[in-house]
């Protein structure tokens, strides 16, 4: 094998992309991963890390460009870790995401006949984030800086704009940055664990334009909060809620458990289809509202509701998808382990006069067995777990329920594929549709249809 040494400069042809969007060059079957390189490009790169089974390279020059290469429009792209694919055409991004799902499902497990649809993309894949979580820090000259983290670090890149955030969010960020400097408000220092302001979080209702601004603080005392509230109210009239979230933990967790309202309402509203949702500072709510409607519509297509079906919504959160389906179902039962989320789901059901819904707090595997003992037999089960996927106990319990259809939404196709192998005991994985919830990044969301085998 050809010798591979750190700091050596080499040339090669990119033959593949990793799930992180890095180009793959091979030297005698030894893989070298190079960020920002594209398939079929001839490149020059420097080896910056060499391990036994792989190496990492830094792109120096593109000798022969791919047709899929574009100039990243963001001036911070080379430094910031928020986006990974701005150097790639949007069509190529969608194709890459579908190909990753194909590789996961067609090459492992009994899923070679599963149909994998084209990725559902956006017409305009920018400015889509309805929630911005912006770290706050200080420069060496003690000026307030706000932006996003450098790749693989907690160094904040001071930014004036971000092309995937709502435009209003960057306007709020820039004004708050100015006011924090002007009022000389102390900023949290991650190393010394001292200072007050840790993060600025901004949420916007996509269809309502209501805005919530949250100051995440290291402790409850916030003496100049009234000054900031008055400035925000005056400059941004669509702000309907300003909150303080207290996080005095010495961890990377952004939000604490305790919040207080400094101005306006406790929650903002947004709509999906005909359903209105109340969203608090701590609520889980999909980041990309326009794509969420496409995701949920695809899930609804898979559910094939006629008005006669019992639907079970597991990992239901604030009831987002269950309430979306309720107008077309006989009854929706939702279960979630977070008590506040269940309260929000019940409030959202009441707000929308959806009386054919029942929500209960607890572990899904426990609650659905209780419902089973009460004679509740779901026709369709919705599954939308966190990135780690489903607990095996939950999946085996789900198999006991034996619904006709399972619609599984995932933000991590790797764990979805793992879970699918357990469900394959009784279910056929018929079809998967990738939905691009996070353009310019490597994140993939999928919705999958499982049908009980005896129904084929």
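A Cβ is built for glycine as well, from the same backbone N, Cα and C atoms used for every other residue.
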Co-listed S-adenosyl-L-methionine-binding residue [Swiss-Prot; alongside 286, 315, 384] among 269, 336, 365: 336
Residue 80 ([4Fe-4S] cluster binding site) - helix vs strand vs coil (DSSP): strand
Assigned conformation of residue 74 ([4Fe-4S] cluster binding site) - DSSP reduced to three states: coil
Other CB atoms within 10 A, centred on residue 286 (S-adenosyl-L-methionine binding site): 23
Nonlocal residues around residue 384 (S-adenosyl-L-methionine binding site), in sequence order (Cβ under 8 Å, 6 or more apart): 313, 314, 315, 316, 317, 321, 408, 409, 410
S-adenosyl-L-methionine site, defined by 286, 315, 336, 384: further same-chain residues with Cβ within 8 Å of the Cβ centre: 284, 313, 314, 316, 317, 320, 321, 385, 409
